[in-house]
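Visitor: What TrEMBL records for this protein is below:
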| type | residues | note |
| --- | --- | --- |
| DOMAIN | 27-486 | domain 'Major facilitator superfamily (MFS) profile' |
| TRANSMEM | 30-54 | transmembrane segment |
| TRANSMEM | 66-87 | transmembrane segment |
| TRANSMEM | 99-119 | transmembrane segment |
| TRANSMEM | 125-142 | transmembrane segment |
| TRANSMEM | 154-172 | transmembrane segment |
| TRANSMEM | 192-214 | transmembrane segment |
| TRANSMEM | 282-305 | transmembrane segment |
| TRANSMEM | 317-338 | transmembrane segment |
| TRANSMEM | 345-364 | transmembrane segment |
| TRANSMEM | 398-421 | transmembrane segment |
| TRANSMEM | 433-455 | transmembrane segment |
| TRANSMEM | 461-480 | transmembrane segment |
Amino acid sequence: MVYTSYNVYFICGFAAIGKLQWLSSDALSLTFLGGGLFGFDISSMSGVLGTQAYKRYFGNPVSYRQGGITCAMPFGSLLGALSSSFIADKFSRRTSIQVACCFWVLGSILQCASINIGMLVVGRVVAGICVGIASSICPVYQAEIAPKEIRGRVVSLQQWAITWGILIQYFIQYGASQVGGGPDDPNQPTSAFRIPWGVQIFPAVILFFGMFFLPRSPRWLASKDRWEEAINVMAGLHGGGDVNHPKVLAEYQEIEEALRFEREEAVSSYRQLVAPRIFKRVVLGMSIQMWSQLCGMNVMMYYVVYIMEGANIASPLLTASVQYILNVLLTLPAILYLDRFGRRPALLIGSFFMMTFLFIVGTLQASYGIPNDAAHQTENNKDITWIVFENQPVSKAIVAMTYLFVCAFATTWGPTSWTYPSEIYPTKIRAKAVSLSTASNWFWNCVLAFAVPPLLTNINWKMYMIFAAFNGCALIHMFLTAPETKGKTLEEMDDVFDRVLPAWKSVPKGSRLDQLQKDIEEGNLKITAPHGAARKQAVAEKVDTTRLA
């Protein structure tokens, strides 16, 4: 039999984060391209808001009109997230990503060719469908192929790719804004916004064709009784291509037992979603994605230019770019520590610091800000109603607090909010439950994208206090309901969540998978790898496992 082993060192080309054993380089390609599309989505509007070309061509949209344009993409993402599980469960995680790519290309073409706000909104909705599907299924795929020891690190790479997408798209927009006489030129050509909206097509095209070379999720293959393919993929990921490697056989045994238990329950995946023991996990996953939006981070991503204008910064576009760089750099520590430090501490510490920084920003704006009337308006700040006027120390402090807020999110909630929901559900409902969690993300993303411009216009500094309060609520909620999941396999999450201990009690160390692997290595357990024609008959009955005396 020909064994296939996936190269594990592709990640070294991106950052020196150590040796990620057993991880497919193909899957990392998926992470960076799929996550990159998400990042392109988030910053696809922020860099053009301050250009005269965009304001002139689309009639200087502000407040509710600009909120409607911005929220069109997260609305499409909500639709994509809700539909993602149907495609992923029926046709595989891999195929669902390819479908998403088609939506992205079509949506980008419509945006690039927009002749009015209506066409722009339609293009953003279509492109958003792609992001909704990809943001639901990429973490599922990553969680299903990664070993428990580095699962948090692997899914964190998704968040890192998102930050790269945000950064790259923002600087493409910043560069395009210099076309003509620059962002303040009243006759600036429309290429200032058409170039960045057109360039974003290329990652989707690369991802679409690259997907043909990716392995399918072994857990999805197993759920379809394609066991021979499943164990070959597991061997390539975790056993150097050897289907009889103890780690591969132990993982195979655990997956098979979990699937058999689910089938013996004979409960449909939809009914299982609302079963008491699962429903609390569904609510927790949706809550984590909700808080990741209500913390205020995407306000910084979408409308950072407005925030910098309110701080009365000389070059809002350039000053705003610093936070995108910080977002990329500060996600790296999370990649390194999440599997050692844990998910729960990241959620709690992140909420506390984000709450603190937002309260400080709101207090500074309330104490030193003034209404932006005609006497204080300039070409750079005419879109906002509240500014800090001629007080550089306060302006710098506000900017510093926004930077620290971004750093706090990047090292805590950013990666954890995608890792945690992707790993806490059983295989049978994982795609559906994660799609609901991601839909929660995009619902609140959509609400905030629409609401923030009016909030900045009508309540000014009070908006920061509202988001700070949301972080305080998230801190309490996570303390009471989110147990630690590090070091556990996906099949062991039932043990983590079904125990009677409260969430703040530590989870016992160790794993059934480790014990299975040890038994196999010591000869106490024999498991026959499911390959060859004989497996077709065996899978209809029971796995050939026998304890040795």
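Here, residue 1 is simply the first one shown, and the rest follow in order.
Backbone N, Cα and C define each Cβ position, glycine as well.
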Visitor: Who are the chain neighbours of the transmembrane segment (345-364) in space, where the CB to CB distance is under 8 Å and they lie at least 6 residues beyond its ends?
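Guide: Same-chain contacts beyond the flanks: 288, 291, 295-297, 334, 338, 388, 394, 397-398, 401-402, 404-405, 408-409, 411-413, 415-416, 420, 461-465, 467-469, 471-472, 474-475, 478-479, 482.
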Visitor: Find the member of 66-87, 317-338, 398-421 that has more C-beta pairs under 8 Å to the transmembrane segment (433-455) than any other listed stretch.
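Guide: Per the Cβ count, the answer is 66-87.
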Visitor: For the domain 'Major facilitator superfamily (MFS) profile' (27-486), report the average pLDDT of the model, please.
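Guide: Averaging the confidence scores along the domain 'Major facilitator superfamily (MFS) profile' (27-486) gives 83.
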Visitor: Out of 99-119, 154-172, 282-305, 398-421, 461-480, what stretch is closest in contact terms to the transmembrane segment (66-87), meaning most Cβ pairs under 8 angstroms?
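Guide: Of the candidates 99-119, 154-172, 282-305, 398-421, 461-480, 99-119 scores highest.
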Visitor: Considering only Cβ pairs under 8 Å, which range in 99-119, 282-305, 317-338, 398-421, 461-480 makes the most contacts with the transmembrane segment (154-172)?
Guide: 317-338
Visitor: Hey, which bits of the same chain come close to the transmembrane segment (282-305), Cβ under 8 Å, at least six residues off its ends?
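Guide: Distant Cβ neighbours of the transmembrane segment (282-305) are 42-43, 45-46, 49-50, 70, 166, 273-274, 316-317, 320, 323, 347, 350-351, 354, 358, 402, 405-406, 409, 413-414, 416-417, 420-421, 424-425, 433-434, 436-441, 443-445, 448-449, 452-453, 456, 464, 467-468, 470-471, 473-474, 477-478, 481-482.
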